[in-house]
């Protein structure tokens, strides 16, 4: 169906339907000249003149577009998160060996008056920092377990009414895969341990 | 540079259309694609939509900024935050920033409705939101679903005044929305490229155990059964990978094919939300930059008033 025919059909139905030509929101790229004037306006109004960009406005926009795309492309090659939001788009991006391991970090706490450590839920609301964030700087915690004191401190401030931890354990469970299936029970590694300072 | 027009453009709207003639040529067509005009009303609706989404960001999705103020020693700022010397925030400053953003959201939406102060409120809100997000991303984890929304918040003020009833096509508005579209597409195609680079081959990622890994770590009850069928997950990985690689076609699709593709992507996000709790809402909201928003019935009603 031609553009005009579809538009009159739309009008005849009395609805604000959208012709497929319009849906992209852009006039055809190859002919974004005067044609745009006719296409971009609403079907009921006469064609309106286009507000064009002055040359300077056009140039800085094109330069900015190229620069942002360039940084983003570089970040994929260098594979860095440091340029966020133009960093590497690496969420779930690393291929995982079907015969490898799945590792997951968590924190356990020995609470006052208890004999067995149990999991301390890591959330912004209770510890100020989340699992993914601890995993993102895991090396720091392993090198300097005293950083776990920050988690105890934030827990004391954010959850003052709960029992407080006396010892914190940074642990990792490791699940072995065989052909993409988990086999056996996960093994547990303790990466860091910290006696909480009151 | 080929596409420049030489006359003064401040009064473009008042000149007869014949004067807006363009140099012809392929390079010019490419340049014009980046600034293809859209009605200002479309930009106005997108502004309202995006600004109205920000409270969700600071109160739920990336609410952690206030919590971060309790763990200042764990601050690991990314490059831009270091370049700007942004310090970790104290609880008082973080809470003040939260209220400031909420107030600016109200002002920025009011500015769109009133047709005044849009640039000022837009830039202030963009600045405050950048500070918030750079802190949110400064503790060892960055979220990859924020590329498009950060581009959007930054480019929106550049388009100047735009009201819901203003149907004049504008290149400035066109570039702002095109930039958001490009950022949305880059989110997907960039991640496909990274998968190829990391695996060193086209098939390395889709044939690996990524879904098993993800579902083992954080899969919901709805999805854990698939762990018994690794081949099914490999098919899923191929599907996702090919979809991401093909994402740039949405820049040229029209009508029902465009809607179909958008639907496929939104369905994918719904599925990952139900199975892994990952919603990608900041990217989802930016998909609206592909839609003729000025045709929404309530916008038309508002515009007529």
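Including glycine, each Cβ sits where the backbone N, Cα and C put it.
TrEMBL labels come from automatic prediction, so no person has curated them.
Annotated in TrEMBL:
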COMPBIAS  B:1-10  compositional bias 'Polar residues'
REGION    B:1-23  region 'Disordered'
COMPBIAS  B:11-20  compositional bias 'Low complexity'
TRANSMEM  B:48-71  transmembrane segment
TRANSMEM  B:96-115  transmembrane segment
TRANSMEM  B:122-141  transmembrane segment
TRANSMEM  B:176-197  transmembrane segment
TRANSMEM  B:203-219  transmembrane segment
TRANSMEM  B:231-252  transmembrane segment
TRANSMEM  B:258-291  transmembrane segment
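Between the transmembrane segment (B:231-252) and the transmembrane segment (B:176-197), the number of CB pairs under 8 angstroms, six or more residues apart, is three or more, so the stretches are in contact.
Tertiary proximity for the transmembrane segment (B:48-71) is limited to same-chain residues at least six positions away from its ends with a CB under 8 Å from its CB atoms, namely 88-91, 93-95, 97-98, 101-102, 105, 108-109, 112-113, 125, 129, 132-133, 135-136, 138-139, 143, 146, 149, 152-153, 156, 279, 281-282, 285-286, 288, 293. Highest Cβ pair count under 8 Å relative to the transmembrane segment (B:122-141), across stretches B:96-115, B:176-197, B:203-219, B:258-291: B:96-115.
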